[in-house]
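**Q** Marked as domain 'ATP-grasp' by Swiss-Prot on the basis of sequence analysis: 78-325. Residues annotated as ATP binding site in Swiss-Prot: 132-142, 173-176, Glu204. As annotated by Swiss-Prot, Mg(2+) binding site applies to Glu270, Glu283.
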Amino acid sequence: MKVRIATYASHSALQILKGAKDEGFETIAFGSSKVKPLYTKYFPVADYFIEEKYPEEELLNLNAVVVPTGSFVAHLGIELVENMKVPYFGNKRVLRWESDRNLERKWLKKAGIRVPEVYEDPDDIEKPVIVKPHGAKGGKGYFLAKDPEDFWRKAEKFLGIKRKEDLKNIQIQEYVLGVPVYPHYFYSKVREELELMSIDRRYESNVDAIGRIPAKDQLEFDMDITYTVIGNIPIVLRESLLMDVIEAGERVVKAAEELMGGLWGPFCLEGVFTPDLEFVVFEISARIVAGTNIFVNGSPYTWLRYDRPVSTGRRIAMEIREAIENDMLEKVLT
């Protein structure tokens, strides 16, 4: 039976569906009727559009393979995703490790990757920290704090939190000074190899606008810095740093094999390079990230490897096609 590729109509669905069509698959988008024209008229990448949050029976009848986006769990909920009957590209067990900051930290440390210090008690803050609420919300609610007093003032202002009992869904991380770098990887279970797909950095409001205001005016305005993501900027990394990034990806894949039965498909390590050229990672996104949308026509790194335009969305479709051709489809699905 013909396999079709499906995804929720959000985040990086345009790229995923375009890549699937480029590899000869029929495509399915599902979600809000409000966005239907985006996928069928303005950017006609969906052969089918189903106006439901999660149309399980229709997807099963269409022999769909669901490809998760970076906002998949945010829209559908982790319980629904873990229990869906439609074949899912990737390892669902990764979702718990990715969404739980303590498990995520355990994963990164097992991989031998430098991670920021974490404060369990805000009253112990003794250096600049960045405070992150639970869940992937594009940096919304993130804030900097320099000491306990500053933390509590901003926690109430941005998150409505006044008591320690309400802190269970936030993480207080050491703020590591450096250049933000977000390498995008793809691990092929068919080929058993890691690929560096592309690299980006985020464009965030208002932190990336602060520099346009003279320092004396910043002090007068008494502004609080926020980190809401509004877009992404491509990066070509210094060539001497590429092996650091690639080796970090290899170690994450190896640790995932031991902890949760493997990580395959696209993922991203979100971190910074310090002035000492140390790669410090503060988060992992174990699915396609929005930063790959810059590279719908491929990146410098995929061009070097494939000598043709290959986006992360297309690479997913290539993996599914190769799995079908090698009678390995069940091995890349859960």
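Cβ atoms here come from the backbone N, Cα and C positions, even for glycine.
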**Q** Given Val176 (ATP binding site) and Glu270 (Mg(2+) binding site), what distance in Å do their CA atoms have, once rounded to a whole number?
**A** 12
**Q** Taking every protein chain in this structure into account, which of the binding-site residues Glu174, Glu283 has the most other Cβ atoms within 10 Å of its Cβ?
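**A** Counting every other Cβ within 10 Å of each candidate, the maximum falls on Glu283.
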**Q** Please identify which of Lys132, Lys140 has the densest Cβ environment, defined as other Cβ atoms within 10 Å, among these binding-site residues.
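**A** In terms of Cβ crowding, the pick is Lys132.
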**Q** For Glu270 (Mg(2+) binding site), which residues in the same chain are close in space, meaning a Cβ under 8 Å from its Cβ, but six or more apart along the sequence?
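**A** Expected: Pro180, Tyr182, Val281, Phe282, Glu283, Ile284, Ser285.
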**Q** Please list, in sequence order, the residues in the chain of His134 (ATP binding site) that are at least six apart in sequence and whose C-beta is under 8 Å away from its C-beta.
**A** Ser99, Arg101, Asn169, Ile170, Gln171
**Q** Would you count the other C-beta atoms found within 10 angstroms of the C-beta of Tyr142 (ATP binding site) for me?
**A** 21
**Q** Ten-angstrom check, please: count other Cβ atoms within 10 Å of the Cβ of Val176 (ATP binding site), all chains counted.
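**A** Around Val176 (ATP binding site), other Cβ atoms within 10 Å: 19.
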**Q** Averaged over the domain 'ATP-grasp' (78-325), what pLDDT does the predicted model reach?
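**A** Average per-residue pLDDT within the domain 'ATP-grasp' (78-325): 92.
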